[in-house]
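What TrEMBL says about this protein:
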type: COMPBIAS; residues: A:9-29; note: compositional bias 'Basic and acidic residues'
type: DOMAIN; residues: A:126-346; note: domain 'ABC transmembrane type-1'
type: REGION; residues: A:1-31; note: region 'Disordered'
type: TRANSMEM; residues: A:68-93; note: transmembrane segment
type: TRANSMEM; residues: A:128-151; note: transmembrane segment
type: TRANSMEM; residues: A:171-191; note: transmembrane segment
type: TRANSMEM; residues: A:223-243; note: transmembrane segment
type: TRANSMEM; residues: A:286-305; note: transmembrane segment
type: TRANSMEM; residues: A:325-347; note: transmembrane segment
Amino acid sequence: MSEAGRSGVKTDTRVDDSPPSKKAQDRAGGRKSPNRLLFLLAVLLPPRFTPESVRYDRRYRTLDKYRFIAGFLSLPLAFYALFVISPFIQAIYYSFTDWSGGPVANFIGFDNFTKMWNDERFWDSLEVSVTLAIVAPLITLVLGMFFAYMITSGGRHRKGRAIAGVAGSSFYKVVYFFPQVLSVAIIAVVWGRVFNTNSGLINGGLDKLGIDGPAWLGGDRGLALIAVMAVLSWSFVGFYVVLFSAAMGAIPKDIYEAALLDGAGRGRTFFSVTLPLIFDTVRTGWIYMGIQALDSFAIVLVMVPEHVLKVTPVFLYERFRDGQYGYATSIGVVLLVLSMAFSLIVMRIGNRDRIEY
Amino acid sequence: MTTTTAPRTDSADAPRREADSAGGATLNVFSHAFLVLWVVLAAGPLVWVALTALRPSVEILSDPMGWPTSFHWENFTHAWTTANIGQYAINSLIILAGSLTGTMLLGSMAAYVIARFTFPGNRLIFMLFAGGMMFPVILALVPLFAVMENFGLLDTRPGLMIAYIAYSLPFTVFFLTSFFRTLPTGVQEAAMVDGASHTRTFFQIMLPMAKPGLVSIGIFNFLGQWNQYLLPLLLNNEEESRYVLPQGLASLAVSQGYRGDWGALFAGLTIAMLPVLVVYAVFQRQVQAGLTAGALK
């Protein structure tokens, strides 16, 4: 309050004596400029101690601007450069060395990559990661689109409109989104219990039906892969329901009315109207989900026992724990190349003219 | 001309319309059935955890599907004290207090300067921040560990906070830059003409105006940092008493197995999930908007 009051007072006085101050500026411009020492002083001192003769000089304005820019940018940029950019650049450099954590890192060319090429454990982990990156987006996006379409158009005949949401659409979206606000580590612990062989929710349910449930995470790679895929899709379906229903909601109603008049059923409307119109969002979502699947680390590390199944990021983490730093970073570089390749391929697949509406 | 409003009016083709809406009704039942099924699938495991948290450990092992017969609140006290969930929650809060404040302050400062001032290198700095979103954190994992060790920040609270801030900056700066660009320039100029310094204009004029954007990105960062697992696993793995909540629960899942105290694990999970879900339920619109904005970068 007092701050605002003071500034108000200041404003008034400044407005009052604005003609003199303008004169002062002219004087400063026409006469000799204030000396350099004063400028230097003005830059170092807080703004309120800036001498009058310097304050209205045009060069001081510029100086003041750059001082402000430098002051505001230096700390964020320093943090970012030191702890984000520099590790990324170092990672690429170290991937060509035999670094093991100490001060010595010898350049060894592509040795890490040839080692990876011949490392069966790497290929095993990559097989899982690539399967996840291909299948998980498919399941997740199809389910997300299905539920989003149900939510945005399920009430079509109820209200006698061409398009209408189901009753309680926001409730569905809220519940579906639950997994997105939880930590992946917690999700992994919860699902680890759900998939537990003897005391898990799934096998407990199967037991009630008289079926002896399998050991989901107990040793079989295929079953563990299904479990990881299920958890990954489970945690992202809600995200895509929200994303896609927002995109679907942006489609004008008259397009749906026209489709209805032409006799299009719900399925036809979806494939001929809705899907093409939200295609950009779907493609973005596809890339995002593929990268999420390729990078999935915590779910596998926490939920799946290490002898059963590994994804490439977990393999990388284990090499880091072994002290094979150079080798670990080279695996990271391969992951980066893979995720970039994945994005490029998906962009190519869906490259088409954008429909404006 | 009536055809344009045909779906809305009851006209001559009433029988056809009736059949149509009957089909629609069945479809509606179907779509609701599917939608409800996913409600059960999405919330089921979480509800199961909360219910099981009230049952004694012995019963959980023999019958995982059972209902709680009597309420065993001691699971919660065990989780809070013996299983250290209380300590982990406090650690998480301390880290978050520093990291979220730092992220919002530094992020909005950088974004404001990038969005509202022209200077050489402006575009480059923006691209530098925005580009950081494309790289998987796992790539920086090993060098980051070494950098933190060299600065003496490994296994320290300030170190973890700084790491959270640094890795939250790309999206925060990207998001807030576009937000600051949408704000009117007139107010900023008026403040400057009135003699307010750049710093004062920022804190007293521009930040309050940017509040909607700050709330969205604040919620995004709150959830992202509260739920962070990879960075604490890498940088805060030395002392168990310093673990943050997700880390603590992951290690609890292993150790409680040895102790056979499953009740405490389920109670711990409930304690960890409930506050976040409540906060989400209150701010659902902003949370959904904030988190989905992340995908459309």
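Any Cβ shown, glycine's included, is placed from N, Cα and C.
What TrEMBL says about a protein is an automatic prediction, not a curated fact.
The model shown is predicted, which means the values in this text are computed figures rather than measured ones.
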Contact call for the transmembrane segment (A:325-347) and the transmembrane segment (A:223-243): at least 3 Cβ pairs under 8 Å, seq gap 6+: no
Same-chain residue ranges lying at least 6 outside the transmembrane segment (A:171-191) that approach it to Cβ under 8 Å: 147, 151, 227, 231, 234-239, 241-242, 245, 298-303
Among the ranges A:68-93, A:128-151, A:286-305, the one whose Cβ pairs under 8 Å to the transmembrane segment (A:223-243) are most numerous: A:128-151
